Every structure is written in structure tokens, then in C-alpha cells.
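Peer 1: For 29-51, 91-111, 132-155, 175-195, 216-236, 242-264, the entry in TrEMBL reads transmembrane segment.
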Amino acid sequence: MRPGGRLYTVFKRAAIGVFNEGFIHAGNIAYLAILTMFPFFIVMAALAQLLGRQPDVQQALHGFLATLPPSVSELVSDPISEVLKASNGGAVLWFGGIVGLWTVGGFIETIRDILYRAYGVKPTRSFLQYRAGSILIILVSVVLAMSAFSAQLALTGVEQFVWRILPFSDRFQPLISLSRIAPLIMLIVALYGLFMSLTPAKYRMSASPKWPGAMFTAVWWIAVTLLLPVFLGMMGGYGRTYGSLAGVIVTLLFFWLVGLGLVFGAHLNAALAEGAEPSVKGPPGTE
């Protein structure tokens, strides 16, 4: 047994996988994250109109922006709001929703490719089958996102009621405080669902855990959100180097770092699924 036992082996495999492929995939994720961010909320707006849940779109948007560094949030919040206002109702909204489904589907397929490469598995289904699955994942994600952020809003209302009205609110302080970590919990659940649905079928229902990759990615995401502004402040910002494009560069850097964490999470799950000592990848298999 090597130093650190299985834990050392698992993290070594994950690190090697990230070193070999992580930087390329992180770049793809950074580009596609910006490209698909707007279509995703257009899809959400179209579905919200169909379900009569228009206010949930703004709540979901605010919840998403809360997971971004302040500079990134400031850069994308107004453009997304303007796009949602411009496509508010009518044929334009539905056309944008259809195009958005296809566009965001490409982002989902990129994550699927990352997981398949991590597990050393080759796709066996047709392009249209995978894309149909991606669209289904998007629709489910939109509904869950609206429901989750609506629940968070309800929790906030309950918290205010308890603090202001009930005389024995101190007894519930630990429980109420848990509502403040709701964005992190929702992020973990969303990533876990994504990992589960996109993991190759051969490993999806196996005994190997899927939560470590989702947990690592979520914690990494929050850590990058908190530490990136501090790091940029220490470096003096990117304004002197990129001028007016500094905000765009910081946004790309943020999503690149998040993508790097996602790739590590994928390889972490793949390493946990392998009981043998050889490389994670080995000879390419099938689903």
C-alpha cells in the first residue's frame, strides 16, 4: 500500500486526470458558461410563463448571482435582466426558449463528455438521444431551480416572522441559521443530480459514491467566489492589463476555475469507482 493508502491513490488519480485534461475542459466550460447563461434564463422565463410562475425567474436569478463574486455578478446581472425584459412574452420568448434549449444542451453535453472521459467510457448512443436527454435535464433543472429559490424565499419570510414576532425565537436560532446556507445546499443538490444523471450507465447505479465529486465542486465553487475578489485585490485588479475588458476577463477566470473544480470532481468520482491499482482510464470501455 502506498503512502496514505487508498485516499492517496484516489487523489493522485484525480490530480493526474485534471493535469492531463482539466485545463482544456475548464476553458471549454468557461466559454460555454457565458455563452449559455443567457439562454438558460430565457428557457426559465418561457417555462415560468407556461406554468404561471414568472416571479420565480427573478428569485432564481438573484439566487444564482449570490453564488458569483461581486465583480462577476455586477457584470452579468444587468444584461441578463435586460434580455429577460426584452423577451418578456410573445413568439420571441418561445423562439428564444427553443434556441436556448439547444444551446444549453451543448453545455450539458460538455459535462457529459468530461465524465465519460474521466471514467474511460465511450458513448454508445446516438447524438439525438444524448441531446434529448440533455434537454430533459435542462427542463427538470429549471423547474427545480424555481421551486428551490421559492422555498428559500419562504424560509426567509419564516425567519423574519420568528425573529420579530415570537418571544422564544432564541430557542430556534440554530435551526433558523441553517437557512442561510441554503444556496450552498441547493448547489450541492444540483451538482449531485447533474453528476448522477450524466455518469455513464455502467457506473451510475454502482455502489461507488457520486456525492464526493458534487460536494468538492460545490465547496470549490463557493471558495472561489469568496477568495477570487481577495486575490484580485492583492494583485491590484486586471484593469491595468485589460482596461475596459477587465470585467469580462475576471468572469472568464471565475468560470475557468469553477470548471477546473468540476473536472476534479468528475475524476474524483471516477477514481473512487475504480478498485484496481492501474490508471483510472485504462482501455476505453462502453456504457
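One-based numbering along the chain as shown.
Even glycines carry a Cβ here, placed using N, Cα and C.
Curation does not apply to TrEMBL; its annotations are automatic.
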Peer 1: Mind checking which residues reach the transmembrane segment (242-264)? Cβ under 8 Å, same chain, six or more beyond either end.
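Peer 2: Result: 14-15, 17-18, 21-23, 25-31, 33-34, 68-69, 71-72, 74-76, 111, 114, 118, 216-217, 220-221, 224-225, 228, 232.
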Peer 1: Which residues of the same chain, at least 6 past either end of the transmembrane segment (216-236), have a Cβ under 8 Å from a Cβ in it?
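Peer 2: The answer is 67-71, 184, 187-188, 191, 250, 253-254, 257-258, 261-262, 264-265, 268.
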